[in-house]
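Chemist: Below you'll find the structure I mean.
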Ligand code: PSU
Ligand code: MN
């Protein structure tokens, strides 16, 4: 049986109860362009360390799930010619069994982190219910997995390319508490709000940790902490809405389906905004890594 490969640093920290923050790799391989992705990957790890926790970036390499990529492995995942598949939880068995490599999504990263003894995970955006899901049935496995695995996921909500109201309903059905970090609004990735409220709000890492610890006593589901993009990095709403309309049109015209939808839309945002959305993406994910590390420190 393939064992999870933990870096020495991650294994030591987990075994001695020190704080660890899991980081995903799909955001690197499919969400950010080559060049920029490696820079962001390194800064994410530095940010986690600066806040007193150990970073564990996760991917599957040659059939082995790796928790805590080395510097060389991080470079491999971020390489322009990496050619990595996007692996959701259902893809882990095939990728591992067949000796393949791939980047992990929120669903698969949460599952691997949990198995490796890590309870806190930071990312940019959660997958959700796609617009038109009533016809397409396109609902990210991230939601179902959060309903089953007790990981705290710190993210900036879901992209406004998704059906946010439906996503919040599915999270409720899955018994996933949704907490706003210093906000009453559910954030929409590039935007701090999109008119949807969160049921609960926390004001600091200690409160978030208290909620997570209490939740774990009574439920086996995860917790979603929604941390809005820093105010100074929020995208202009008009620019955002225009690019979103174009992107959705592009997806329809090119008949993009399934797991390719998010990467295609993201790329369109980055191109059409001439990098503004990239800066926004970077700012929010760094902010989430810092917050996740602070909560991991509280929980440890
Ligand atoms: N949202 C983003 N950036 C991303 C993703 C989502 O803003 O990179 C990635 C994450 O890895 C997430 C996955 O878990 O897309 C969801 O994909 P799907 O909808 O195919 O489940
Ligand atoms: Mn999907």
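Backbone N, Cα and C atoms are what each Cβ position is placed from, and that goes for glycine too.
From a predicted model like this one, the values you see are computed outputs, not experimental measurements.
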Chemist: In TrEMBL, the residues 86, 140, 141, 142 are said to bind substrate. Which of 66, 106, 120 is said to bind at that same site?
Modeler: 106
Chemist: List those of the binding-site residues 106, 138, 140 whose Cβ lies under 6 Å from any atom of ligand 1, in sequence order, or write none if there are none.
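Modeler: Only 106, 140 qualify.
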Chemist: List the Cα distance (Å, whole number) between residue 138 (Mn(2+) binding site) and residue 159 (active site, nucleophile).
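Modeler: So the alpha carbons of residue 138 (Mn(2+) binding site) and residue 159 (active site, nucleophile) sit roughly 15 Å from each other.
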Chemist: In sequence order, what residues of the same chain, 6+ apart, have a Cβ less than 8 Å from the Cβ of residue 142 (substrate binding site)?
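Modeler: Listed in sequence order, they are 88, 105, 106, 107, 110, 126, 127, 128.
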Chemist: Within 10 Å of each Cβ, count the other Cβ atoms, then let me know which of the recorded positions 24, 138 comes out lowest.
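Modeler: Candidates: the recorded positions 24, 138. Fewest Cβ atoms within 10 Å: 138.
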Chemist: Considering Cα atoms only, can you say which of 24, 86, 140, 141 is the nearest neighbour of residue 159 (active site, nucleophile) among these recorded positions?
Modeler: 140
